[in-house]
Structure formats: C-alpha cells, structure tokens
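Engineer: Okay, these came from Swiss-Prot:
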- 2-231: domain 'ABC transporter' (DOMAIN)
- Gly33, Pro34, Ser35, Gly36, Ala37, Gly38, Lys39, Thr40: ATP binding site (BINDING)
- 280-344: domain 'Mop' (DOMAIN)
Amino acid sequence: MLEVQGISKKWKDFHLKDISFSVMDGEYFIVLGPSGAGKTVLLEIIAGIIPPDGGKVLLDGKDITLLPPEKRGIAYVPQNYALFPNMSVFDNIAFGLKVRRVPRSEIEKRVLEISEVLGIRHLLHRKPRTLSGGEQQRVAVARALVIEPEIILLDEPFANLDVQIRSRLINEMKRWRRELGFTAIHVTHSFEEALALGDRVGIMLNGKLVQVGEIREVFSRPNSEEVAKFLGFENIIEGIADGRVLHVGKLRIELPLEAKGRVRIGIRPEDILISTERIKTSARNVFKAKVEAIEDVGPLVKLTLNVCDITLRAFITRSSLVELGIEEGKEVYASFKASAIHVF
C-alpha cells in the first residue's frame with residue numbers, strides 16, 4: 001500500500017497543500033483535475049524526482065520520502081514517454097532491468113513476455129522515432145511494468161493521442177491491468193479516462209486534494225460547489241428550502257431530500273429533458289422555458305434557457321434540435337427528476 005501523508009510543496013508560483021491519500025495494492029487510483037492543479041508535481045514527489053517541503057511518502061509502511069527514484073520500487077511514465085531515441089524498443093524496455101543487473105537470459109524472457117501482453121513484440125527491433133504515438137505509449141508502459149514495480153505512476157498517458165487511438169488504448173489498459181494485476185496512480189484531466197479506468201478518484205483543484213472516494217460516488221455526489229462545477233454540474237441554483245421544496249423567486253423545485261433554509265443545488269445539463277410540449281413523465285420538475293442561446297459543443301448542442309428569470313443549461317442532440325424545430329426565442333419545456341438534483 002502507498003500512503004501519502006501531508007505532502008506540501010512550493011514550486012515557482014504554485015503551492016501543493018497538505019495532500020494525503022492512500023492507494024491499496026491492486027488499486028487503480030485516478031488523480032483528476034484541470035491543468036495547473038499540481039497533479040504532475042505530486043507524481044514527481046511520489047516518484048522521488050523532486051523532494052517535498054513537508055510530509056511523507058510511505059510504501060508498505062516504509063518511509064521512502066528521501067530515497068532516490070531507483071530505490072523506491074516505483075515506475076514512472078511521464079507525459080512525453082521519455083524513450084531513449086538511440087536505443088531500439090527492446091533496449092528501451094530492457095533498460096531498467098539492465099540497471100538492476102538482471103541476467104541477460106531473464107531480461108530477454110521478461111521483455112518478450114511484456115511485449116507480448118502489450119502487443120508490441122513485432123516492434124522490438126525498431127527505434128522510437130519510427131513509432132506512432134500509440135506505439136510509443138505502449139513501449140513506455142512496457143518499460144515501466146517489466147521491472148515489476150510496486151506501483152506505476154502514469155502522467156496523462158493518453159493526452160498526446162488522437163481520439164480513436166486514445167479510446168482503444170483505454171480499453172487495452174483495462175486488459176493489461178486484468179492480466180498483470182498492477183497498482184497504479186494515473187493523473188488526468190479527462191473524465192472519460194477516470195470513469196473507464198479508476199477504482200477511486202481524488203479531485204485536485206488549486207493544489208489541494210478536495211475530495212477522495214469511489215468514482216461513481218464522487219461524480220454523483222460532489223462534496224462542494226467547487227467540485228460540482230468541475231465535474232459538470234453547470235446549473236448551480238440558490239434558494240430557500242422548506243422541506244422537500246426549494247423556493248427560487250417564482251420557481252418551486254422539488255428536492256430529493258428534506259432541507260431547511262438557504263441552500264444551493266446542482267443539476268447536470270444532460271439530466272434536463274427538453275420537449276416542445278408538456279409530456280407525461282415521472283420527473284416532478286417540469287417548467288416552461290425560453291431558449292436564449294444555442295451553442296455547439298462537439299457532438300451535442302447546449303441550450304441556454306430562461307425559466308422564470310433563472311438560467312438553466314441543457315444538452316440535446318443535433319438531430320433533436322432539428323426534429324423539435326428549436327431556435328432562439330422558442331418556448332420549450334424543461335423537465336428533470338428530483339433524483340438528478342444534488343443539494344449542497
């Protein structure tokens with residue numbers, strides 16, 4: 001088990017603040033946050049590349065805070081993969097084993113085994129410059145795993161890949177983990193990677209680890225408005241709660257639980273259903289709305305709605321936009337279930 005206890009670090013204009021969490025053996029732990037949150041600095045401290053100003057890193061109960069990287073039993077895959085350009089793929093993968101003075105026959109056996117699992121055995125004679133981004137990523141992961149580390153650290157491993165390759169390698173990473181059973185800390189800004197790969201997640205914002213928990217629990221129940229906004233709860237509404245009803249001006253919103261006094265709620269845009277007529281639905285919150293803006297957001301369309309002078313944002317598909325004849329100024333109905341609401 002890896003334990004990070006109260007790690008702090010001032011780095012240029014950045015401050016990592018009292019970071020604590022643990023990773024169990026066999027766990028895939030995601031550190032999720034925006035660019036500049038301090039994710040890479042945290043990984044480099046765990047890897048031993050830079051020292052912390054305070055706090056400890058323990059591996060299986062042993063304090064490794066001041067140990068050099070090569071004595072930690074930890075493998076680190078940086079974002080740029082850091083492959084040796086003058087070496088073949090075989091020699092890149094074998095590098096850590098050679099440093100550890102593993103016998104040549106054992107090196108060859110382990111390199112062939114890991115390259116078979118990762119699907120790169122046919123590339124062993126090649127140089128890194130002749131490889132695609134996805135192939136380089138596989139080589140970097142193979143080089144890390146072949147030394148059989150206690151834990152592997154992955155810094156935005158899919159960030160430099162195009163969408164199709166990234167999606168394929170995420171699925172392959174699941175398979176590699178099943179077959180090899182490794183423990184990992186994976187830092188990313190991608191919700192897709194977090195949801196697809198993680199057992200637990202730590203949300204990192206402005207140098208602080210602000211929430212840690214099971215992936216689905218954190219995504220559905222953020223512990224603060226700050227976390228909710230980062231996780232896509234674009235609709236944050238403040239009002240006065242009286243039992244299971246929130247009063248927001250003329251609006252009455254049914255809540256999923258009893259509350260009293262001034263509270264805030266969060267609703268994801270994808271949880272709001274749009275229709276041009278009032279429809280039969282189990283949703284207890286159905287409101288007439290006016291479309292104020294229409295914005296393309298990749299495969300979806302975001303609608304900005306005015307509901308009794310309250311702004312709501314909702315997603316619909318392009319085909320639904322056309323089929324419903326929705327345009328700016330049109331009146332529609334917006335509905336959402338009480339269970340889709342998160343109360344802060």
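Glycine is no exception: its Cβ is also placed from the backbone N, Cα and C atoms.
So where do these features actually land, and what's packed around them?
Structural biologist: Within 10 Å of the Cβ of Thr40 (ATP binding site) there are 19 other Cβ atoms, across all protein chains.
Model confidence over the domain 'Mop' (280-344) stands at 94, taken as the mean pLDDT rounded to a whole number.
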Engineer: Please spell out the DSSP helix, strand and coil residue counts for the domain 'Mop' (280-344).
Structural biologist: 10 helix, 37 strand, 18 coil
Engineer: Give me the long-range Cβ neighbours of Pro34 (ATP binding site): same chain, 6+ apart, Cβ under 8 Å, in sequence order.
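Structural biologist: The answer is His189, Leu205, Phe230.
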